[in-house]
Amino acid sequence: VLIIAVLFLTACQLTTAETSSRGKQKHRALRSTDKNSRMTKRCTAPGGACYAAYTCCSNACNLNTKKCVLS
């Protein structure tokens, strides 16, 4: 009985996902790209301008010169 319930719930989720994504196929790539860009942290290379250590790829910022340095 448990196996049948799991199969039924899985089938319901698959059909719901299929019907909700109809007509939106061309936008799926855009959503994926937006999600990836939000997850990607951009950092400043050594020698670039910085205001705090977390903006540098090396996590080291010389606050006197306001440039990222190698750590």
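Cβ from N, Cα, C; glycine included.
Worth saying up front: this structure is predicted, and the values here are computed from it rather than measured.
Among the candidates CYS50, CYS57, the disulfide partner that Swiss-Prot records for CYS43 is CYS57. Listed in sequence order, CYS43, THR44, ALA45, PRO46, CYS68 are the same-chain residues at least 6 apart in sequence whose CB falls under 8 Å from the CB of CYS57 (disulfide bond). Look at CYS57 (disulfide bond): DSSP puts it in coil.
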